[in-house]
Amino acid sequence: MVLGPEQKTPDDDASEDHGDLAHLGAINPAYSDSSLPQSTGSSNEPFTTYFDEKIAVPEEEYSCFSFRKLWAFTGPGFLMSIAYLDPGNIESDLQSGAVAGFKLLWVLLLATIVGLLLQRLAARLGVVTGMHLAEVCHRQYPKVPRIILWLMVELAIIGSDMQEVIGSAIAINLLSVGRVPLWGGVLITIADTFVFLFLDKYGLRKLEAFFGFLITVMALTFGYEYITVRPNQSDVLKGMFVPSCSDCGTPQVQQAVGIVGAVIMPHNMYLHSALVKSRQVNRAKKEEVREANKYFFIESCIALFVSFIINVFVVSVFAEAFYWKTNQQVIEVCRNSSSPHTHLFPDDNSTLAVDIYKGGVVLGCFFGPAALYIWAVGILAAGQSSTMTGTYSGQFVMEGFLNLRWSRFARVILTRSIAIIPTLLVAVFQDVEHLTGMNDFLNVLQSLQRLEDCRRDLGPYHLLHQHVLCRDLRPGSRAHAIVCGGSCDQCGLSELCVLLDLAMFDCTGHVLPGLWAHGKHL
């Protein structure tokens, strides 16, 4: 974006924001500077955690919508949407189809819509304040609760990273027809992560294009499976838009809860609120802030629509082909197709239980080897792309909460080491059944982590409602009510709603002077 003479450079603007934040503890002693660690750098240094490169936005006068501007703002939303396509989500999708058929597609749709509203709040927080969610937490919470919150988020990130390692290792094992053992696939994920980090050196837009390529690979591979299986389109539409679940029992209800937990991930809010800082927006100008909010929301809608369609592909494939299939039926088909994986299934009439590994095997038995290999390519793309975004999430969270600068390589070594060790031990001493079982355990662990987040955040959330907030300073009241009012049901997300309001108001109901000007643009 070309700056006029009355405008400031991004660095000047960031410096002003950094100075404004000194007021955050001036009114309420609970959030005073005495509870915050001092910055390691100069007090006038802008607090930045994303790439040094800023993407310029083209100037266009008297245009309510511009594809050129939309293209300039395109990137952060698609990187954010990768969290909706990680191996944990894919496993949740295939289990949903195998357990409940098409009946839970409406749950997936609603969860994606709620996720979109949350991402909208996260993006607005980053655009309006110039800070991401972890930085706002650093300034709003006293030291002890801030450290506890950081540890909880790190636990979720590491758990997610372990799932990504498991998914990538299983995909490599399938693609190599078992020649690369699971532990070998785990080790390969260490090397390829560092290789991908070198993409930073080639510029931000090239990095975003690479992630776009991985999303395209997932769309093509899972779309191929969808076309091959040919699910009943009327059943797909009915499951998507008719909110009912006839003859559903405990397994189906548990799967519905699992869908919501897999789609909406708290650490993704930290990621998105940081990614939007990569665009050159002069926050001193109300029109530019509103414009940025508009285009980021449009891009998020497109990105999450793509991710939703990919998830629908996976659910529909397993709903059409494997709903209420028994192990005996699968064994017969696998024997007839000369599959070497027949031993994976118990020889009984119990209902087929699938996971990422068995899902690929069953597809290969029913629809040929090509279906298995294409499935594995899609899983590999999901694992690799989500691994990279998890690395960025971890860096933003650590730098924001602790005001601690680490290189991205050091951050990868820390997170990946913690994730690799237990995963490698299971891969070496156990089999794929235990590895995929570990994936299910991690889903449960992250659900419990969200419950703890919910309990912790109830206090400040209810405190928020003691104030009458100015409508001009908040997103639409309906969206705020849907997202923040329901965030205690989807545990772990209420801190975003709390901080979005507390970034402008202290606990006495006074407006924080440093963010008054920014708040008017929300």
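Even glycines carry a Cβ here, placed using N, Cα and C.
Listed in TrEMBL:
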type: COMPBIAS; residues: 8-20; note: compositional bias 'Basic and acidic residues'
type: REGION; residues: 1-20; note: region 'Disordered'
type: TRANSMEM; residues: 97-118; note: transmembrane segment
type: TRANSMEM; residues: 148-174; note: transmembrane segment
type: TRANSMEM; residues: 180-198; note: transmembrane segment
type: TRANSMEM; residues: 210-227; note: transmembrane segment
type: TRANSMEM; residues: 256-275; note: transmembrane segment
type: TRANSMEM; residues: 296-319; note: transmembrane segment
type: TRANSMEM; residues: 361-382; note: transmembrane segment
type: TRANSMEM; residues: 409-429; note: transmembrane segment
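Ranked by the number of CB pairs under 8 Å to the transmembrane segment (148-174), the listed stretches 97-118, 180-198, 210-227, 296-319, 361-382 are led by 180-198. Of the two recorded stretches, the transmembrane segment (210-227) lies close to the transmembrane segment (361-382), with three or more CB pairs under 8 Å once pairs fewer than 6 apart in sequence are set aside. Residues 85-87, 89-90, 167-168, 170-172, 174-175, 214-215, 217-218, 221-222, 224-225, 228-229, 317, 321-322, 330, 333-334, 337, 339, 341, 344, 352, 354 of the same chain, all 6+ positions outside the transmembrane segment (361-382), place their C-beta atoms under 8 angstroms from a C-beta of that stretch.
Listed by sequence, the residues of this chain that lie at least six past the ends of the transmembrane segment (296-319) yet keep a Cβ under 8 A from its Cβ atoms are 70, 73-78, 80-82, 84-85, 89-90, 93-98, 100-102, 104-105, 108-109, 112, 115-116, 119-120, 123-124, 127, 215, 218-219, 222-223, 225-226, 229, 231, 235-236, 239-240, 263, 272, 276, 354, 359, 363.
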